[in-house]
Structure formats: structure tokens, C-alpha cells
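Here's the structure, in C-alpha cells; my notes come after.
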Amino acid sequence: MPTSFTVVPVEGQDSEPQPSRPPEEPTGSQQPPQAELSRPGEPGDGIPKESSPFINSAEMDRGNIYEGKNMALFEEEMDSNPMVSSLLNKLANYTNLTQGVVEHEADEDSKRKEIKAPCMGTFIGVYLPCLQNILGVILFLRLTWIVGTAGVLESFIIVFMCCACTMLTAISMSAIATNGVVPAGGSYYMISRSLGPEFGGAVGLCFYLGTTFAGAMYILGTIEILLTYISPNASIFKAEDVDGETQAMLNNMRVYGTCIIALMAIVVFVGVKYVNKLALVFLACVILSIFAIYAGVIKTAFDPPDFPICLLGNRTLSRHNFDICAKFIEVNNETLTTKLWRLFCDSPSLNATCDEYFSLNNVTEIQGIPGITSGVLIDNLWSTYTDKGSIVEKKGQPSVTGTEETKVGGVPYVFTDIMTFFTMLVGIYFPSVTGIMAGSNRSGDLRDAQKSIPTGTILAISTTSFIYLSCIVLFGACIEGVILRDKFGEAVNGNLVIGTLAWPSPWVIVIGSFFSTCGAGLQSLTGAPRLLQAIARDGIIPFLQVFGHGKANGEPTWALLLSACICEIGILIASLDSVAPILSMFFLMCYMFVNLACAVQTLLRTPNWRPRFKYYHWALSFLGMSLCFALMFICSWYYALIAILIAGCIYKYIEYRGAEKEWGDGIRGLSLNAARYALLRVEHGHPHTKNWRPQVLVLLNLDSEQVVKHPRLLSFTSQLKAGKGLTIVGSVLQGIYLDKYIEAQKAEENIKSLMGIEKTKGFCQVVVSPSFRDGMSHLIQSAGLGGMTHNTVLMAWPQSWKQTDSPFSWKNFVDTVRETTAAQHALLVAKNIDLFPTNQERFSEGDIDVWWIVHDGGMLMLLPFLLRQHKVWRKCKMRIFTVAQMDDNSIQMKKDLQMFLYHLRLNAEVEVVEMFENDISAFTYEKTLMMEQRSQMLKQMQLSKNEREREAQLIHDRNTASHSAAVVKCNAAAATPEKVQMTWTKEKFIAEKHKNRETNMAGFKDIFSMKPNQSNVRRMHTAVKLNGVILNKSQHAQLVLLNMPGPPKNRKGDENYMEFLEVLTEGLNRVLLVRGGGCEVITIYS
């Protein structure tokens, strides 16, 4: 980064010689070569950022560096903070193209030099696509049947609930879609960026599955129209009797569906551009069909169409096998039986034996569409739910039932194919209101997406809701109830029921609905692979990454293949009524999380939540979410549970294996708010004994490369904590933060990486301090937040404590012990930490020995219990040793300790070790003497070092004094108080030098004639004797825990304290020195 914009002529900076210029010619606009050569690469944080015009790219054109003097005050920030003019220029040129189709078209038309700017308005870009996606197969094939079965009132409730659900979702979606740019991916992008990758991936996959199954539903609808209403003779499987018709139809669906899906997949693979261009044709078919319905309704007011229905008593007859609705006819004064007679009787003669119901009831013929003014609406208000195989009967029609019910198989009645009830109809109907995301999915093609998406989507939902609600009333007012309940139009010669109402011809509806459902299937098979590709390219689900690839132009080939296979599952189910509830679950789950995302963002009031769409409220979003959740279980409780289970599994998979993404999502904000709330509620102070667990501050040592010296310390932490409670991993770098912040970042990255490897869940904190000692003190005092602070400090034993120049010397260690005691923290010191087991090791046998010498609040009891929860230590046995003195009853002590452990619910072997008073051995005396001599020698060496420094200063002062008297006088006046202020002569200097030498020699002579301190002798005696007892009992133990004696109150004996600890633990492989924090940590009470 340039440090100055002073323009000077520079020669020889470049590799090629430059022509020289006179000094007076340089202009202010010239950029010094140093500015170009010295731009450092910006260090990244390792988190992949999203493409945005607000982020200054590292590949920014070097020529765009600001040149001039008007803003010289900000010149050093130009690399990271661009000028507003350049930012606005980037924003103006920022494009956000829809993924897939636009890429395909751009590749096909690669000769074009410029990409056209988005130019779609609200009507073309949002309103019409939503209209096309919402109005579809259910309207044409099932709405009349739903009205006839549920009645006008309950059908109105069903439609109103579903439309209210989508309207509330559209309001929430509009708020999210207008809170910034929504790239390709539509609902997946909105949910993932609002609720995080886990929710986004789970709900995105559910939405993908819903879209794929929607394709299967549309294809099944296409085949049903083809085989039932257009060309019934095209059936491959023929039914031999009435009972086999349903199975034959399902088999035909499977064969034709497989063929059609293969054909559609080829069409999408080869010419997706033409599929999108044909969308207007399919939309025209839908709109034409809607107008034909309303025109037919108007026509029924004055000229109802002629569609007679044949009834036997109150039972509806299928007109496939007869033409005349009568038992017999008069021809030339002769009574002849009809085809209908032959279907119910055993012979054509008048005295034949006939079905009892046929004999007792008359055959009547009524108009199937009496018209809007006929008053049939009153009869159709109430529901008529039936079981599977029931006969469709007209309410209020006279009927005589025989003495015994005769077999109805083989007779031409109209039967119901499935059992009907309210909640099942909700599941079948709901897919007809889906498709509200079509506008948001095209956001890249809109001229003003933030204005068009809310307006177009809400208008489309309002229009379709009006169409559905009005159709329910009009169908109930125009069509006879038995025709409405006749799902396949068997009573009207196999015509589409809604087609009988249309004007000018039923074929308008039949052809229109055929092309509409065919086009919707193609659209689903086009959109679903792109949605899967968007999820795969985000990289949040590792096993889906292969589906992010495709053809060179971006077409998702592999995703298309998977979508076709999943669609085939729906085809093999073969029943439109069975497939519809499945996709209802997935769409409802998607809509539920759109509402949740809006509610969370609104309640959190995050600064970035600034939607342009203002007509939203968190209560509306919450109501929409609740309605979606209720509809899921209303439709089908077991499908709902399966969908929730699938989404939950995907969520946990992404959480466990998925890539970490930081999208600024609402769940992270919600977590921060919840954490803040919880922290404020956590009592600041010591928790109750029952709630106490070690909240550990781990003090790590780093080498010169900022690599952790003892990684086994983190392994031991994870074994001790098992992911529970608070863990803070801290370390100290010596220096000034402004000079060391890059090293601090590197150290933090190394520690976090090691924490991930060792599966240590916690937080990392690296402190830069002028002295290592102060840094440790700062960590112990300030680590944590509020009530979530550490109560235990874990550190490694300083192996190099005898080296005085080491930052990990005994002084720092002893001061750390004192500070933890002052802060009332427990202290754990792991000696020989490099011998401790890794997380992958397993001890098949062995002991964890606890040497309980003084009471420390129960830490020594609690730690082995926590360690044995981990699989490394699980098979180790716990043994507790305590020491009995001369006056103690060792037998009673053992009984009391066993009872204490019983009340603590701990399983452990108990042993009381007796230590008798005896004379201090010569070995102990000699070891104490050597320790004190070493300590005294270190002090003398330190003194001699200070004297040598002082001697060097004296020589420097002497040389300076001989230079000039004036300088000497000046130096004497300006000297600091720490320096010796005197005028040196040669005699004085020699005398001072000999005096220092004599003092040092006398000090060293005193070392060899000194006697050991009796207090130190007693301490060394205890350490030696206790060490011998521990070695005798626990030399082969996997881990030894023992009380750590406190440091001496007199600081002059600190180095002796380290020697005592060294002698106490000598010869043991793995030792954990434990010092309690001054509070009880384990209790016998519940």
C-alpha cells in the first residue's frame, strides 16, 4: 500500500529502462510505480463470500486505483474501501441472471455480444407464470368431485383454508424477496439465506421433492385425460369385469407414464429453450378453458345443455353399455326389452328373472346440468362422504330396497373408487394452490423484482382464489349432485364433468386441460433439476455435489436424470389421488419455513431487515406457519411425520457433515438473542453444588511457528468434558498487538484446527501481551462472559522450569498457581502430558488412582467419574487411597470412606495407607541441601549478571568522561536516577571492580558452607516419603490424581516449591495434580 502520494520522477524501478523526464514536468495524475508494485494481497478469512457488488474483489483491475489529489487523505484505504463513484458504477452493472435457462440460451446464442438487460414487467414476469402454475390439473379433474363429495359449504372451507395459507405465505415471501436481490433458486435461496444452511438445505430438498412429485401428478393427469376422455381405446390393459377396471387403469397409467416421462426428459435435455417459449401456449389453453367454464355457466341460465342422467330408483347408472334409459320400449305396439333390461335380467323376455332392486324401482331420467336458476344449490350444500365401492345415489329420490341386498357386481352402477372424508379431500386439493413461487424464481428476468414479485404474486393468488371459490359455488348451483360425485363422468357417457358445463363444447376443456397438464409436467421437469443444481452448487450437502455438474452450458444433466427417476416413483404409484397428498406435505413444509423465516427476521429486528414490501407483520407470518403445520396433519398425519422425518434427517446430516456457511441467517441471530437472554439469566457467581461441572480454561503453549506444543492437552480436555459445559482454549503471544496481530490470527487458526481434530468443542482466545506473565493473568481474569466463565484452569507442567530464560519458567508457573487460588478457580496440572492417551486410544484395563490427602471440595472424586464417561477411560477402575497418621484409626477411616463413596453413588476400591513418623533420612537431608545450594547459586549468578551489566555501564561512563569535560558535565546532569552519578577516576574504578569480585567470591564460598533450612527439610521429607508410597501402590496405574500442595506464602522459596512437586511426582508416568477452588463440587444429596 502506498504511504505517500508525493510525485517524484523515479528511474530504474522497472525491469525495462524508461525515458527520463525533467523534474518540472510530472503531473498530479501520475501514479508512482511503488503504488503498483507494493499492493499486498488481502488476507482472506477462509470463509467463502457470496458474489456481491459491495465486496471489493481481490482481482480488481489495477488501473482502477484512484489517481488524483482531491482525496489524498483517504489514499491508503483505496484498496479495501473503494470510492463511492466506483461502487455505484459496480451496482449499476450488477446483473443477477436466472440459473440454467438463461445460461442455456446465452450459450445457444453465443454470437450475441451483449446480454439483454432484464425487461419483464409484473404482468408477464410474475402474474401470468403464477397463474399458469396455480391453475392446473386439480381444477379440471377433481374440483367438481370435491364439491359433490364435501358439499358447497365444506368445499368452500377447504379452498378458503388453502388459499389463506398461500396468501399469508405470499405476504411473507414478498417481505423476504424485497429485502435485497433474490438470485436463482427462489424459495430455496430465500429460506437458506434467512434460516441458515441446515434449514435451507432440508427445506430446499423438500421443495425439490415436491416439485418433482408435482411433475408426476401432472403426467398422471395427462394420461387420465388421454385414456378416459380423449381415446379410451388406447388402453393397453383391458378389464374383464367391473372389479378389474381400477387395476387395469393403474397399469395403463404406469406404462404410459413411464413412456411420457422418458419423452419429456429427452425434450428437456435437448430443447429446454423451446419448452419455456411454449409456456405462453400452455397458459393460453388454461385461460381459454377458464373462460369456457364461465361462458357455460352464463349459458345455463337461459339454455342449459342436454346431458340426461339415468337413475334406477336413486342409484346412478353408468351409460357405457346401454343407450336407452328405460326397461322396455314400445315398437309397433310391441313391448321390447332394452339393453338395460338385459344387464339386470337373465334373459331378454319380459318374464325373465331380474335383480330385485331392478324389479322394485323405476328407471327415471333427469338433467345432469339443470342450470344456475334451478335451485340445485340447496341440494349440494351438504357433504356426502362414502366408503370405497359405494353406489353414487341421488338424495331425495324415491327408492325401494328389497328384503335382502343383492350382489351389485357386474351391474352398470356408478361406484366410488376410494373412501372419502374431509381431511383426505384437503390433501388432494392443496396442490391446486401451489405454484406461488413462480414469480420469485424468475427474479433475475424482472425489470424491478422488488416491486413486481409482491404485486404479481398477490394479484395472481387473489385471482385464482376468486376463480376457485366462485367455481365451487357455480358448480354447486349448476350441476346435479350425482354428476359432481361421478369422478370419471360415467353417467354422462364418459365426458369430463367440468367439460359438460363448458361452452361451446366439452372438447374445449378436454383439449385445454390436456395441453395445460402436459405443459405443467414439462415445467416441473425443467425447474426441479435447476433447484437441485442450485442446492448442489452451494456445497452444503456433500453427497449431492455431483448433481451440480452438467453440460458445458450449465444444463443440469445429472440432476435431470435423478429428477426423472424420482418422478418415476410417483408414476409407479399411478393414482393421482395418492400422489397429491405426498407433494402437499413437501410444499406445506416449504411454505411453513418461508413464514418462519419472515417471522424470525421481523422479531429479531436485524439491521439488514429492510423490506420494501411494508404490508407484513410477524403475527401474519406466525399465523401462516401455524396454518401450514395444521394442514400438514389434516391432510395426512403419517405423510406429515414422514416428511418431517426426512427434513430432520437432512438437517442433522448437513449439521454433521455439511460445509460451514456464513450467510447472515436469522437462526444465527436467533441463537445470539437466545444466548444473550440465557447469559442474562445465568446467575453470576458460584452455581449450586449439584450443577457444578468443570468449566475449563485450557492454557496452551505455542512454539515460534504458533503451533501448539502439547496437543494431548486438548485430547485430555475433550475426554474430561465430552462436549458438555464451557471450554475456553487460551494462549499468550509475547509482544505488541499492532506488531503481532497476524501471528495472533495464525495462532488462533492453528488452535481452532487442532480443536476440530481433537473434537474439543469450545472457544479460542489468543492474547498478545508485552509479557507472558501478564497475558496469563489477563486470560485467568477476563476469559468468558457474564455467568459463562471458567471455574477450572488446566495447564501442562513446565518441563523446562529450571531454565531461567524460558518464558515457561517456574516464576510464571508459581504466579499462575497463586492467581488461580486468588480467583477461587480449581487448578489441574497435567505432568508428562505427551504420554497421555489420544482420543483414538482405548485402555482395555488399568486403574485410575486417586490419592486423597487433603479435602479439596470433592474435585478428586468428581474428575475420575467424568473421565470414565469417555470411551478412552471407560474400562479403567477407580481406586481411592488416603493417608492415615499415627493417631488415626485406619480401619474406621476405610469404613467411613466406603460409606461416603456409597452415598456419592461412586464405585471405587478404597485403601488406607499408613505413614508412621520416622527419622529424616540422610538422602532427604542431602537432597534438601542440594536444592538450597542450587537456589543460592542461581541468586548469586543473577547478582553477578547484574554486576557485569553495572561494570559495563561504568566503563562506558569512564570513556565518555575522558572525551570532554563539558560532555561529562552534561551527562552527569542528564543521567537518570537509576544510573550512578559520579566522576570516575582510574583508581576508583579499579577499587570498585576488585570490591565486586571479592563480594562474588565470598558469596560462592558461603554456598558450600551453608546448612539447610529445617522447614525445607521437613517438606522434602514429606515429598520423598509420599512419593515412595505412591510409587509402591500406583506405579503401573494409567493415571494418578493427587492433591497439589499450595505455593509458599514467602515468595523467596518459590524455586524450592517446584523442586518439592518434582520430587513428589518422580517416577510416575501420567500425573494430574489437582487443586480445589475452595467450594464443594460434589454432594451426597439428590
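A Cβ is built for glycine as well, from the same backbone N, Cα and C atoms used for every other residue.
Heads up, TrEMBL stuff is auto-annotated, nobody curated it.
For the domain 'Amino acid permease/ SLC12A' (126-298), the model's average pLDDT works out to 86. Annotation source TrEMBL lists domain 'Amino acid permease/ SLC12A' at 126-298 (among others).
Taken from TrEMBL, the feature domain 'Amino acid permease/ SLC12A' covers 417-697 (among others).
For 829-1086, the entry in TrEMBL reads domain 'SLC12A transporter C-terminal'.
TrEMBL lists 1-60 with the feature region 'Disordered'.
The feature transmembrane segment is assigned by TrEMBL to 120-143 (among others).
The transmembrane segment annotation in TrEMBL covers 155-178 (among others). Residues 146-147, 187, 190, 194, 422, 425-426, 429-430, 432-434, 436-437, 440, 443, 449-450, 453-454, 457-458, 461-462, 464-465, 468-469, 472-473, 476, 588, 591, 594-595, 597-599, 601-602, 611-613, 615-616, 620-621, 623-624, 627-628, 631 of the same chain, all 6+ positions outside the transmembrane segment (155-178), place their C-beta atoms under 8 angstroms from a C-beta of that stretch.
What TrEMBL records for 199-220 (among others) is transmembrane segment.
Beyond its flanks by at least six residues, the transmembrane segment (253-272) meets 100-101, 104, 215-216, 219-220, 222-224, 226-227, 236-237, 521-522, 525-526, 529, 555, 557, 560-561, 564, 567-568, 571-572, 574-575 of its own chain at Cβ-Cβ distances under 8 Å. Per TrEMBL, the feature transmembrane segment maps to 253-272 (among others).
Within the same chain, residues 128-129, 131-132, 135-136, 140, 305, 372, 467, 471, 474, 478, 498, 501-504, 508-509, 511-513, 515-516, 518-520, 523 sit at least 6 positions outside the transmembrane segment (279-298) and bring their C-beta atoms closer than 8 Å to a C-beta of that stretch. Feature annotation from TrEMBL assigns transmembrane segment to 279-298 (among others).
For 418-438 (among others), the entry in TrEMBL reads transmembrane segment. The list of residues near the transmembrane segment (418-438) in space but at least 6 beyond its ends in sequence, with Cβ under 8 angstroms from a Cβ of it, reads 126, 129-130, 132-139, 142-143, 146, 149-150, 154-155, 158-159, 161-163, 165-166, 169-170, 173, 186-187, 210, 214, 217, 383, 385-388, 457, 460-461, 464-465, 468, 577, 580-581, 583-584, 587-588, 631, 634-636, 639.
Sequence annotations record features per position, and here TrEMBL assigns transmembrane segment to 458-484 (among others).
Here TrEMBL flags 504-522 (among others) as transmembrane segment. Residues 132-133, 135-137, 140-141, 214-215, 218-219, 221-222, 225-226, 229-230, 260, 264, 267-268, 275, 278-279, 281-282, 285-286, 288-289, 292-293, 295, 495-496, 498 of the same chain, all 6+ positions outside the transmembrane segment (504-522), place their C-beta atoms under 8 angstroms from a C-beta of that stretch.
Annotation source TrEMBL lists transmembrane segment at 558-576 (among others).
Long-range Cβ contacts of the transmembrane segment (582-604) within its own chain (Cβ-Cβ under 8 Å, at least 6 residues beyond either end) map to 165-166, 168-169, 171-173, 175-176, 179, 187, 190-191, 194-195, 199, 203, 206-207, 209-210, 213-214, 217, 427, 430-431, 434, 570, 616-618, 621-622, 624-625, 628-629, 631-632, 635-636, 639-640, 642-644, 647, 666-667, 669-670, 673. Among the features that TrEMBL reports, transmembrane segment is placed at 582-604 (among others).
What TrEMBL lists as transmembrane segment is 616-640 (among others). Same-chain residues lying 6 or more positions outside the transmembrane segment (616-640) and placing a CB less than 8 Å from one of its CB atoms are 161-162, 164-165, 168-169, 171-172, 174-175, 423-424, 426-427, 430, 581-582, 584-585, 588-589, 591-592, 595-596, 598-599, 602-603.
Listed by sequence, the residues of this chain that lie at least six past the ends of the transmembrane segment (120-143) yet keep a Cβ under 8 A from its Cβ atoms are 217-218, 221, 224-225, 279, 282-283, 286-287, 289-290, 428-429, 431-436, 438-439, 442, 445-447, 451-453, 455-457, 459-461, 463-464, 467-468, 471-472, 475, 487, 496, 498, 509, 512-513, 516-517, 519-520, 523, 576-577, 580.
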